[in-house]
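Chemist: The structure under discussion is supplied below as structure tokens; questions concerning it will follow.
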Amino acid sequence: MDRNSVTGLALIAMIMIVWLQFMSPENKPKLRTEPVKKELATSAAVTPGAPAAPVGDNLGIFATASAGAEQLQTVENDLFKVTLSSKGATIKSVVLKQHLDGHLKQFNLVSTPDKGALSLLFLSNDGKKIDTRDLYFRSVSLDTLKTLSGTERYVIRYVLDVTPEKAIAITYGFSGNSYRIDYDVKLTGFNNALVGNEYQVQWDGGLVYSEKNREDESHNALAGSYLGGSFVKLDASKDKESYREEQSGLAKWVALRNKYFVAAIIPRGATEGIFLEGRKTAATHFEDYLAALKMSVSATEPVSSNSYSLYVGPLDYNTVKSLGVDLEKIMDFGWDWLTRPFAEYIILPAFTWMNRFVSNYGLIIIIFALLIKLVTYPLSMASTKSMKKMSALQPALKELQEKYKDNPAKLQSELGRIYKEAGVNPLGGCLPVVLQMPLLFAMFYVFRSSIQLRHHGFLWAKDLSVPDSILDFGFAIPMYGDHIAVFPILMAITVFVQQKITPTAQSNEQMKIMMYMFPAMMLLFFNNLPAGLGLYYLMFNIFSVAQQFYINATTTADDMPNVNLGTSSSKKKKAGPKK
């Protein structure tokens, strides 16, 4: 490689490291705004140290519903097992049957199983804050356990008779083969009975962390909404700080997520706005969130009904996209203008298509690396030949540098002439690498957050979505990490071999240093990245090494440039008659 190429590669490596540091959660922009409307938001706050009044005393006309017997009902379909409670008509447990935690055990996604996750929240006109999880409903359905499969459907209905004129009815609808749950709310007799004529339907409590590395999972946890055509994100990434976001308008959904799973509330009608809240616990890295839709209640009609869909399941791109509400926007694929298109329109479709024929994602990654190499082959072939020509030009270039060492302007002019005559581009060596960067960054996002690779192994790597660690130190080495991963080591070796066999335009000490420095920098960068990304870059480098061997073996002397070292201003004297 010539000096400009190596400089370009070094800059790319530095960009990688700076980019990784920039994308770390500590440096992400923090969304922390004050709410616009505060009736319901501030009502949820509890004054520290204030004595708690008996629940019934705080509920007004709802006081009689604050006592009762809790009845649990479980619905199991092909994909999950959901437990509902008559206390609050809420969800207390969601266990996914096809997805285990980092210890390969089943787990409950609901982080607040005692009080439940889903509820209605509103303020009555007499100033009482009502959270339906404090109230005992009556279950119309008698089954305590119902098993569904395929296209079978089942409905559970809860009713709360507040007064002879006022009632709340909540209905859940399940199907046998879907993560989607129908959720219907019917308020009777509440016209002009609620402050602002509105209520919130909310999921309270961040999703339980499923992975071994809790700190890493906290980097992916957030609450969000798709409001007015744009994604609103709340990331409670700092300890001991409260984050809150409240906006008015039409929302397609509100949701909260951990690394690989999401709980979303999807309205089937107009909304008044959204409310998001979050807080991080330092000791456990757990980020606790609340996501709510603000809904209006008719001031004139005695009955107000709203229908919703709940999605509680994996963050599988194809699954959430099939919902048709842009829920896939909650998946982080990087910059919308650069890396996200690569992820959504190239990587994920290619992986999905190949997975129809190949079940092992390690093999899919190898095939994908080969396909990318074939696509970039013409460009990389031209680039490599350009570098080989640059190597052949070095004696001539050194002669010019010595000849015009005191005239930089003349030297640059002559260098430009020689490059033009030889048909080479001094920066051509790093062009294929630069063009790969958006794809490489997009693959980083896909491999880091896509559930497709989770718990899929290849060779010694047990999980392609995390580093392929073979030894954990128990302590962290600055810039390297707390473990040894194999794919990055092999990848760094292939980078070194590729540089070794690639024509080098310079032979000075700086070039020798770069030959060792660049692989070392790549090793540091990839050691903490998903094993799938390391495997991809390793295989791409192996294909590049094979290509370089082929070029070296087939390039002949006729392919090398033949340039005139004379200056562009030198001209032969015209012949004339001798005198």
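Each residue, glycine too, has its Cβ placed from N, Cα and C.
These came from Swiss-Prot, pasted as-is:
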type: TRANSMEM; residues: 5-25; note: transmembrane segment
type: TRANSMEM; residues: 333-353; note: transmembrane segment
type: TRANSMEM; residues: 362-382; note: transmembrane segment
type: TRANSMEM; residues: 427-447; note: transmembrane segment
type: TRANSMEM; residues: 473-493; note: transmembrane segment
type: TRANSMEM; residues: 520-540; note: transmembrane segment
Chemist: Any chance the transmembrane segment (473-493) and the transmembrane segment (362-382) have 3 or more Cβ pairs under 8 A, given the pairs are 6 or more apart in sequence?
Modeler: no
Chemist: Which bits of the chain, at least 6 residues beyond where the transmembrane segment (520-540) starts or stops, bring a Cβ under 8 A of a Cβ in it?
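Modeler: Here the qualifying positions are 10, 13-14, 16-17, 20, 361-362, 365-366, 368-370, 372-373, 436, 440, 443-444, 447-448, 453, 458, 461, 463-468, 479-481, 483-485, 487-492, 494-495.
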Chemist: In the same chain, who gets a Cβ under 8 Å from the transmembrane segment (333-353) while lying at least 6 residues past its ends?
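Modeler: Residues packing against the transmembrane segment (333-353) from afar: 317-318, 361, 364, 368, 371, 438-439, 441-446, 449-450, 452.
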